[in-house]
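A quick write-up on the structure given underneath.
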Amino acid sequence: MQSKFGANRIAITEFILLGLVETPELWPVVFVVFLFAYLVIVGGNLSILAAVLVEPKLHTPMYFFLGNLSVLDVGCITVTVPSMLARLLSHKRTIPYGACFTQLFFFHLLVGVDCFLLTAMAYDRFLAICQPLTYNTQMSQTVQRILVAVSWALAFTNALSHTVAIATLNFCGPNVINHFYCDLPQLFQLSCSSAQLNELLLFAVGFIMAGTPLALIITSYAHVAAAVLRIRSAEGRKKAFSTCGSHLTMVGIFYGSGIFNYMRLGSAKLSDKDKGVGVFNTVINPMLNPIIYSLRNPDVQDALWRVLKGKVLRSGMSPTPFLFLN
């Protein structure tokens with residue numbers, strides 16, 4: 001550590017991440033479990049992405065967004081878990097100051113895009129059920145690309161704002177983070193300068209960047225529910241609700257964990273419960289997404305089977321990057 005604030009105050013150049021468990025005897029167990037989870041999540045999400053690429057039936061707006069969501073899930077767990085596994089292997093629990101803030105930036109970038117994509121998916125369901133005659137026009141390839149591009153731009157702005165703001169705080173000790181990755185609430189507690197403005201920024205930006213999408217999702221599904229209830233066929237209502245149920249489940253999980261983690265700053269001392277929320281955000285959510293959204297779909301299952309067997313459909317269409325494909 002380098003001197004910066006005088007004899008009794010020194011600048012922090014690295015942080016100590018305590019990880020999920022502090023007992024060294026349990027580290028091998030944690031390593032095996034999270035390595036397995038990482039491989040399953042990366043393999044599962046990339047398989048879903050490959051299935052969408054090779055199956056023409058899945059070249060629809062809904063699966064366009066799901067493919068992007070799979071990429072985000074892989075990115076989110078890659079930002080946090082591999083570095084934790086490396087620390088478990090090396091028995092070195094320190095993370096450099098710059099690396100900590102870099103991890104913070106990319107984590108909030110990916111989670112932010114996830115938030116806006118969930119909103120885009122709700123809008124897609126609203127158009128498909130409430131305005132089916134104009135669906136293809138209002139959810140064209142251009143619209144899909146714009147929605148994804150705007151999601152990345154807004155999430156980038158959000159992540160950069162928080163990273164720059166927290167970089168202005170002074171960290172002069174202690175430097176121990178009771179978590180397995182760097183995040184805002186834990187860093188707020190370690191600052192030896194006032195983090196009140198940072199907390200206000202988090203609340204304000206969170207209200208705009210998360211509250212507005214949530215309001216749009218609720219509004220979309222209020223219209224969807226009203227439209228579905230007007231369907232006379234019980235089978236038709238069941239099918240319509242089933243297409244929305246998976247998305248609503250993930251919205252509830254995503255926002256529930258986010259509110260618990262970020263919207264209660266200053267109300268209670270951070271504890272090991274935050275580690276559980278962190279596991280939920282970085283491991284459980286990416287693991288649930290392919291199962292809830294895709295694996296119950298027969299078309300996805302058929303496409304996955306062809307991918308595993310190496311039999312890619314030859315439909316006369318040349319494969320292109322998924323981000324620009326319906």
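Heads up, the Cβ atoms here are built off N, Cα and C, so glycines get one too.
Under the heading transmembrane segment, TrEMBL lists 26-53, 65-85, 105-126, 146-169, 200-229. Per TrEMBL, the feature domain 'G-protein coupled receptors family 1 profile' maps to 44-293.
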Long-range Cβ neighbours of the transmembrane segment (65-85) (under 8 Å; 6 or more residues past either end): 17, 19-20, 31, 34-35, 37-38, 41-42, 45-46, 48-49, 52-53, 95, 99, 103, 106-107, 110-111, 113-114, 117, 120-121, 124, 144, 147-148, 180-181, 278, 281-283, 285-286, 289-290, 293-294, 322-323
Overall pLDDT of the domain 'G-protein coupled receptors family 1 profile' (44-293), taken as the mean: 85
